Amino acid sequence: MDLPNCRREPAEPSLVLFSFRALIVLGILVSYIPQHLRIITRRSSEGLSPYFVLLGTTSSTFSLFNVITDPGSQDNIACCTEISRFACTAGLLGIAQIAVQWGCFSIIMILFLIFFPQPGPEPHPSDAPARPTYKTALLVVFTCIVHFVALLILSSVFLLWYKAYLGPWSTTLGICAAILAAVQYLPQLYTTWKLQHVMSLSIPMMCIQTPGSFVFAASLAGEYGLKGWSVWGVYVLTGFLQGGLLAMGIYFELRDRKARQLEGSEQENQDTSPSERTALLGDSNGHANHGTNT
């Protein structure tokens, strides 16, 4: 059967390109592990803004359905019946990349609820934002679930009965993802700045993801081209915003480490240096001993 929408590319993509895209999928998965572990080990999601979690999850959901309904993705899916499994898998790695990213951020949302923010070991500044209530956490999760179900239903309607409008629908989803991504990090930047500490936010995750966002975007741009800007443009934007959050977090960590070192040095000096009373007692004993010897 002739599939007019199939891409006229080589039936077998290069192993190098396939490996590169597969490594990105693995890299996305690995990059989120430090954040998951930090929340679990601290047994608290304190420091994570509920609005950051809400915007991040809904933005990822928009991106997921954006790439699924993208005409290029639909071509790749349709062509799987005509090409080899290797070529089919290579063509679907773009969807897999965003699906893994969506799944990993959704886990953060779940952990945010399970390990609802409780006071951690760090002091909570008096002028910091008020801790979110459990009701807020439930509302965030509920909103994300409703949002996912709504997009699932609407996208299914377009896929089944209004395929001619898939392109505009996909672009709309991409624009929504970009808008949410543009403001996603603003609540977290504000929260981290007011707390003056990263709390449960993982710096290793951001160290991996900040440059990884641009690599991820480049991979998707190579797959979907300029016409698919709504698919990969969002990751360029988030890369810059996350870079700003990373710089802030590193600054706070270095500042706190320096403060701890200074505090430790002062404590050590206090422990090792003789007090005024010790010096006087030592001097008195010295005179006494001198008098006895003479």
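Quick reminder: no glycine exception, Cβ is built from N, Cα and C everywhere.
Here's what TrEMBL has on this protein:
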TRANSMEM  15-35  transmembrane segment
TRANSMEM  47-68  transmembrane segment
TRANSMEM  95-116  transmembrane segment
TRANSMEM  137-162  transmembrane segment
TRANSMEM  168-186  transmembrane segment
TRANSMEM  198-220  transmembrane segment
TRANSMEM  232-252  transmembrane segment
REGION    262-294  region 'Disordered'
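198-220 is the stretch from 95-116, 137-162, 198-220, 232-252 with the greatest number of Cβ pairs below 8 Å to the transmembrane segment (15-35). Where the transmembrane segment (168-186) meets the stretches 47-68, 95-116, 198-220, 232-252, the count of C-beta pairs under 8 angstroms peaks at 47-68. Beyond the transmembrane segment (232-252), the same-chain residues lying 6 or more positions past its ends with a Cβ under 8 Å from any Cβ of the stretch are 59, 63, 174, 177-178, 181-182, 184-186, 188-189, 192-193, 196-198, 201, 203, 206-207, 209-211, 213-214, 216-221, 224.
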